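*Asks:* Quick one: the structure is below, and I'll ask about it shortly.
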Amino acid sequence: MADNLTEEQIAEFKEAFSLFDKDGDGTITTKELGTVMRSLGQNPTEAELQDMINEVDADGNGTIDFPEFLSLMARKMKDTDTEEELVEAFKVFDRDGNGLISAAELRHVMTNLGEKLTDEEVDEMIREADVDGDGHINYEEFVRMMMAK
């Protein structure tokens, strides 16, 4: 299933994997998965984390390695984001609930994910998605950006 991914997608997933793999040992544990999910405003139980790992843990060793992660991501992409998932993702970024994602909100979420971005990088991300040029990302722009991936 991971065969359908482009080199660019694989490179993006490698970057995402390393955000999860906090200690850099090449595997994602339930603890590491929990850390990332909590930084995104989720609050999974230990059992839910274990279920998520088990769902993709092909060799049954209790952790996710990169090939297993790729397979999970390929599956998720095939199921493309539902409206509900997009709304939830938008809410993670739109911290004050005003229906717009500001540069500060974007920087906050990216920092929580361990991505230290310069102001220029954050501004560039906003500019890329900001179709109407108001300096913020609204829901329609967010959906367009997510679907373009």
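Each residue, glycine too, has its Cβ placed from N, Cα and C.
What you are looking at is a predicted structure, and each value in this text was computed from that prediction instead of being measured.
Copied straight from Swiss-Prot:
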type	residues	note
MOD_RES	A2	N-acetylalanine
DOMAIN	8-43	domain 'EF-hand 1'
BINDING	D21, D23, D25, T27, E32	Ca(2+) 1 binding site
DOMAIN	44-79	domain 'EF-hand 2'
BINDING	D57, D59, N61, T63, E68	Ca(2+) 2 binding site
DOMAIN	81-116	domain 'EF-hand 3'
BINDING	D94, D96, N98, E105	Ca(2+) 3 binding site
MOD_RES	K116	N6,N6,N6-trimethyllysine
DOMAIN	117-149	domain 'EF-hand 4'
BINDING	D130, D132, D134, H136, E141	Ca(2+) 4 binding site
*Asks:* Which whole-number value in Å describes the distance between the Cα atoms of D130 (Ca(2+) 4 binding site) and E68 (Ca(2+) 2 binding site)?
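*Replies:* Computed Cα spacing between D130 (Ca(2+) 4 binding site) and E68 (Ca(2+) 2 binding site) is 34 Å.
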*Asks:* Taking all residues of the domain 'EF-hand 1' (8-43) together, what is their mean pLDDT?
*Replies:* 87
*Asks:* Quick one: what's DSSP say for E105 (Ca(2+) 3 binding site), helix, strand or coil?
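*Replies:* For E105 (Ca(2+) 3 binding site) - judged by DSSP and reduced to three states - the answer is helix.
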*Asks:* Compare the Cα of D94 (Ca(2+) 3 binding site) against each of the binding-site residues E32, D59, N61, E141 and report the nearest.
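*Replies:* Of the binding-site residues E32, D59, N61, E141, E141 has its Cα closest to that of D94 (Ca(2+) 3 binding site).
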*Asks:* Quick one: pull the CA-CA distance for E32 (Ca(2+) 1 binding site) versus D134 (Ca(2+) 4 binding site), whole Å only.
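*Replies:* So the Cα of D134 (Ca(2+) 4 binding site) lies 37 Å away from that of E32 (Ca(2+) 1 binding site).
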*Asks:* Any idea what the Cα distance is from D57 (Ca(2+) 2 binding site) over to D96 (Ca(2+) 3 binding site), rounded to a whole Å?
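*Replies:* Rounded to a whole number, the Cα-Cα distance is 37 Å.
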*Asks:* Using a Cβ cut-off of under 8 Å, list the residues of the same chain at least 6 residues beyond the domain 'EF-hand 4' (117-149) that approach it.
*Replies:* 80-81, 86-87, 89-90, 93, 99-103, 106-107, 110-111
*Asks:* Taking Cα atoms as reference points, rank the binding-site residues D21, D23, E105, D132 by distance from D59 (Ca(2+) 2 binding site) and give the first.
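*Replies:* That would be D21, the closest of D21, D23, E105, D132 to D59 (Ca(2+) 2 binding site).
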*Asks:* May I have the list of same-chain residues other than D21, D23, D25, T27, E32 whose Cβ is within 8 Å of the Cβ centroid of the recorded Ca(2+) 1 site, in sequence order?
*Replies:* F20, K22, G24, G26, I28, T29, T63
*Asks:* For D96 (Ca(2+) 3 binding site), which of the binding-site residues D23, D25, T27, N61, E68 has the nearest Cα in space?
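*Replies:* Result: the closest of the binding-site residues to D96 (Ca(2+) 3 binding site) is D23.
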*Asks:* Give the three-state DSSP assignment (helix, strand or coil) for T27 (Ca(2+) 1 binding site).
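*Replies:* It is in a strand.
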